[in-house]
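Okay, structure first, notes after.
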């Protein structure tokens, strides 16, 4: 049992403290909401189609999309373009493509998951480019323009508003440079992609007027920039520096990971690279920049224990906080546009938890038919905690635990024009370890919130063991095929632990934290809501997906401006028997803390998943939202 003292009071004797005082808040875009992965298997149309159509991979993406609204907005998938199949050449030698597999996957991302792709212009599409080296530039321009116009013709330009477009991933590496680009042909390719984006039209035609093309930004070169042996990316920067106004890329993207798995390494590596680039090419300072692969260490499939437990979640949160600090510092990362995490992979046995993924994947080969079970890792919960941050943030603060170790504090607010805001969200992040003579850590936090009406607070914790499914699995002997009882035990440890919630009546109330007995590392999310904050809206798009016989994954969509004060969700079920008769409504999530919009329901061999489902939210004031629409599910 955790012994965290969390009091709303006044405390005279403290070992470390700060108050909100005259804190400066800055507009904070949520710049960390991208994930990515590379599909397994062959890199051709058949291989990529099979990989992205795999039910386990689709369930993996469905769970990632079931984080709180805004936690993940973009997904970057290598070789996604290979879903487009070359069909034939027309009489004038122009390629004709079959977009059916590409359309199916894009529809899945957009309509079911509400995710936007980061479309990397990389692939060979049946050999079109390798077989026509003299036509490559024209064919790339044609493919880019045709792909975008095809999507606009299907669904209108509004669907593409949040799409991102990027050049070939890490073109200097032989493993990716399937086209054998030279410095010259790579520049031709990038400029062809730029022309294709510029010529792709907005085909929405209203009132008979011919609309102007919509400008679409191009990101690149998605490079490692490791040394002089990476000429393709460096040459592109040279070109852009000479004539910035004609630079084909609008956002300079790079990859910098850690070495030993720390957030500091990721950020320092990014700072060093951008400082080097600006020293060589000072004209590029006007371009926004993005670290597409801001991961703790290279090699997603390499098994590492820290990637299984709370430590990876803490590292990801710390990475975000340190990038925010670097952005505010006015140095080489002042133009930071976004970072992305390459952790949307599907893990495999025997490394279910320890690979760089958001979810642990168990392939249950003993069932008929075989199926996949996915368990949320603490890093998944960490992304959900970050999604609750406000729209304005102070700089990161460090509060000493002892002479060598500090707690990182990031305070954010939303709403409220005349004061700090009607909504406050603060993340406290411990170090991974501290000295044996660590002073008992007391943390005094003054809310300093202009309270027009009643307010309430809620605290959630991410800590070892209690919010660590990996620990539960290890305690059970790490079975390859965890049974239903163990799977439920792991899922009960998925979410951040709800610690304490209650009302606040007094202006400048103080939060006191005594974390001396909490096992390190830990993260705490504190949210404070005014009663005047928008009430919970009805959950939308309730969806029921089959996992296996008598087991379903239930997810729904949140309204972006009404879930900041959410405490938990309730999932209700009304069974229908074989004769079509309905029982009473049952609260099937009784006893679960569900801060995120999903729930996996497995009633057991004697139960049934056939029937009706509905969901509602409960906020920190114990008020409920309207129920979602009722959805019927029938297992065939």
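Think of each number as a place in line: the chain as shown, counted from 1.
Every residue, even glycine, has its Cβ placed from backbone N, Cα and C.
In the shown protein chains, 24 other C-beta atoms lie within 10 A of the C-beta of residue 170 (active site, proton donor). As annotated by Swiss-Prot, active site, proton donor applies to 170, with the evidence given as similarity to another entry.
Residues annotated as active site, nucleophile in Swiss-Prot, with similarity to another entry given as evidence: 293. A C-beta separation below 8 Å, combined with a sequence spacing of at least six in one chain, links residue 293 (active site, nucleophile) to 36, 255, 256, 257, 340, 341, 342.
Sequence annotations record features per position, and here Swiss-Prot assigns alpha-D-mannopyranose binding site to 39, 43, 45, 300 based on similarity to another entry. Taking a C-beta cut-off of under 8 angstroms and a sequence separation of 6 or more, residue 45 (alpha-D-mannopyranose binding site) has the following same-chain neighbours: 82, 83, 84, 85, 101, 125, 126.
Annotation source Swiss-Prot lists alpha-L-iduronate binding site at 78, 169, 170, 257, 293, 299, 342, 356, citing similarity to another entry. Within 10 Å of the C-beta of residue 342 (alpha-L-iduronate binding site) we count 22 further C-beta atoms, all protein chains included.
According to DSSP, residue 565 (disulfide bond) sits in a coil region rather than a helix or strand. The disulfide bond annotation in Swiss-Prot covers 529-565 and is backed by similarity to another entry.
DSSP assigns residue 180 (N-linked glycosylation site) to coil in the three-state reduction, placing it in neither a helix nor a strand. Residues annotated as N-linked glycosylation site in Swiss-Prot: 180 (among others).
Contacts of residue 268 (N-linked glycosylation site) defined by a Cβ separation under 8 A and a same-chain sequence distance of 6+ are given as none. Look at residue 268 (N-linked glycosylation site): DSSP puts it in a helix. According to Swiss-Prot, the feature N-linked glycosylation site maps to 268 (among others), an assignment based on sequence analysis.
Neighbour density for residue 365 (N-linked glycosylation site): within 10 A of its CB lie 13 other CB atoms from the protein chains shown. According to its DSSP assignment, residue 365 (N-linked glycosylation site) is coil. Annotated N-linked glycosylation site per Swiss-Prot: 365 (among others), in sequence order, evidence recorded as sequence analysis.
According to Swiss-Prot, the N-linked glycosylation site annotation covers 448 (among others).
Annotated N-linked glycosylation site per Swiss-Prot: 453 (among others), in sequence order.
The annotation N-linked glycosylation site is assigned in Swiss-Prot to 483 (among others) on the grounds of sequence analysis. The Cβ of residue 483 (N-linked glycosylation site) lies under 8 Å from the Cβ of no residue that sits 6+ residues away along the same chain.
Marked as N-linked glycosylation site by Swiss-Prot on the basis of sequence analysis: 622 (among others). In the three-state DSSP assignment, the secondary structure recorded for residue 622 (N-linked glycosylation site) is coil.
Look at Swiss-Prot and you will find 1-16 tagged as signal peptide, backed by sequence analysis.
Note on residue 529 (disulfide bond): other Cβ atoms within 10 Å of its Cβ, all shown chains, come to 26. The Cβ of residue 39 (alpha-D-mannopyranose binding site) has 47, 48, 51, 52, 57, 77, 78, 79 as same-chain neighbours under 8 Å, each 6 or more residues away in sequence.
Comparing C-alpha positions, residue 170 (active site, proton donor) sits nearest to 43 among the recorded positions 43, 356, 365, 529. The two recorded residues, residue 43 (alpha-D-mannopyranose binding site) and residue 169 (alpha-L-iduronate binding site), have Cα atoms 14 Å apart. Remark: of the recorded positions 43, 565, the most isolated position is 43 (fewest other Cβ atoms within 10 Å of its Cβ). Each residue contributes its Cα atom, and for residue 565 (disulfide bond) and residue 299 (alpha-L-iduronate binding site) these two points are 38 Å apart. Nearest neighbour of residue 622 (N-linked glycosylation site) by Cα distance, taken over the binding-site residues 169, 299, 356: 356. Rounded to a whole number, the distance between the Cα atoms of residue 529 (disulfide bond) and residue 365 (N-linked glycosylation site) is 47 Å.
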